[in-house]
Amino acid sequence: MDTYKKVYLLIALLASSFCLGSAGDIVHHDDVAPKRPGCENNFVLVKVPTWINGVEDIEYVGVGARFGLTLESKEKHANLFILALADPPDCCSKPKNKLSGEIILAHRGNCSFTTKANVAEDAGASAILIINNRTELFKMVCEVNETDVKIGIASVMLPQDAGASLEKYLTSSSSVKVQLYSPRRPVVDVAEVFLWLMAVGTILCASYWSAWSAREAAIEQDKLLKDGLDELIHMDGVRSSGIVNINTTSAILFVVIASCFLVMLYKLMSYWFIEVLVVLFCIGGVEGLQTCLAALLSCFRWFQPAGESFVKVPFFGAVSYLTLAVSPFCIAFAVVWAVFRSISFAWIGQDILGIALIITVLQIVRVPNLKVGTILLSCAFLYDIFWVFVSKWLFKESVMIVVARGDKSGEDGIPMLLKIPRMFDPWGGYSIIGFGDIILPGLLVAFSLRYDWLVKKNLRAGYFLWAMTAYGLGLLVTYVALNMMDGHGQPALLYIVPFTLGTFLTLGKQRGDLKALWTMGEPERPCRHIQFQPSGS
């Protein structure tokens, strides 16, 4: 394998490390602070739109407390209230200013959250906004000795910068009004439907391309054997396929290397490190896009001569003239995306590059049999669960979710994801799926179609239709679980692997093909034995 191919496969490995389905959390569950009467609310994100001197201004986001009144879910039902500054600022004692239905703004500290809420309610406030002493949000809970809490007003925590901004307006005698409401996320967003279609469609296209390439390679091999030994010996390798078959060792090593890379990302997460990932993603995306475009254009007779003519390029090896022709466009596309990736519709370019990368990886990298596929997906299954759920106990937070969101980097997540903006979600954000959730099960799905074609099984009698359906159902269950968990990031392989691999193994056993699938996979093609005569004989 040439050096360039090794670099590309390294990028593919890094891309496959991210296995996550997410939509962003709006409800935060907490097992540390148990619920009890009067203190049993879920921690929900709260929208706090503001009006300064009658002009609509910034909309802040806070988090509701475990106690107090639950908020309206629709903006049209939320009332507009005057905001007043607490005096004393901590609201630990009766305010000096008279309140008649205003929302009071207080600082955190000097007394419990419930004490502040009780004082504000007794003073006539309709709700209390508590400014945190840090930039992030904090979950407000009841004290351990508070067994029966009765608070009839809403309590919301604001981050330090939001509170400081509102306090500045109030101290300058500006009129400040606010609304408080917590909109619910829709059960299903159109973004998830399109993301499902993108993932399933990508595997479908990649599987057919992989199977077609395998069949063409087999036909070409038969032709070479029939034409004689001389042509077989004197092939210069210009049109070598460059296919890489995974073995059991590399399947296990994937989890080890991917885990090390994930921890490195977690520890070194920063703006510059994301920039490195963007460069690697662009390299992989350019290679994927030009490979897909060259293959697509080669289907038209006008481009076939350029697609079948090759030239050797240093470092890159044998490259077709058609690939050289489309390369400038692919490079320009990736550069433009990288420069303007912060704009609202940059996700389109990211998805195009990502899909091209995934299809190309599934064309180059192959699972030779069901044994390797089972080991690879089983390891990926454990890997996904560990880094999404178990890592919380070791690192105090989910490593996979933190890395996928790009926390501490100043960027909107890593580029190795397919994402679509949530169109009808009042909280906005993106629905995302990691490359690994498509590439890893896609390797097994593509193998099923290659096997069906080589043993001449039709669609109903083969394994591809079942494997493809199982993947689609597994991904669908992932999104159902995602919405049931109120947007908490889910390890998609937790649901996809049992559906895909379980269906394959069960069907193979019922049909009596399990041994052939497990040990041989793609069956050996009969070929003539060629005897070499000693020189000079």
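Here the Cβ of each residue, glycine as well, is placed from N, Cα and C on the backbone.
Record features, source TrEMBL:
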{"type": "SIGNAL", "residues": "1-23", "note": "signal peptide"}
{"type": "DOMAIN", "residues": "88-166", "note": "domain 'PA'"}
{"type": "TRANSMEM", "residues": "193-211", "note": "transmembrane segment"}
{"type": "TRANSMEM", "residues": "243-266", "note": "transmembrane segment"}
{"type": "TRANSMEM", "residues": "272-303", "note": "transmembrane segment"}
{"type": "TRANSMEM", "residues": "315-339", "note": "transmembrane segment"}
{"type": "TRANSMEM", "residues": "345-365", "note": "transmembrane segment"}
{"type": "TRANSMEM", "residues": "372-390", "note": "transmembrane segment"}
{"type": "TRANSMEM", "residues": "427-449", "note": "transmembrane segment"}
{"type": "TRANSMEM", "residues": "461-482", "note": "transmembrane segment"}
{"type": "TRANSMEM", "residues": "488-507", "note": "transmembrane segment"}
Touch test for the transmembrane segment (243-266) and the transmembrane segment (488-507), at least 3 Cβ pairs under 8 Å: no
Leading stretch by Cβ pairs under 8 Å, where the reference is the transmembrane segment (345-365) and the options are 193-211, 372-390, 427-449, 488-507: 193-211
Contacting positions for the transmembrane segment (372-390) when only residues 6+ beyond its ends and CB under 8 Å are counted: 19-20, 246-248, 251-252, 254-255, 258-259, 262, 398-401, 436, 440-441, 443-444, 447, 489-494, 497-498, 500-501, 504-505, 518, 521
The domain 'PA' (88-166): DSSP-derived helix, strand, coil residue counts: 17 helix, 15 strand, 47 coil
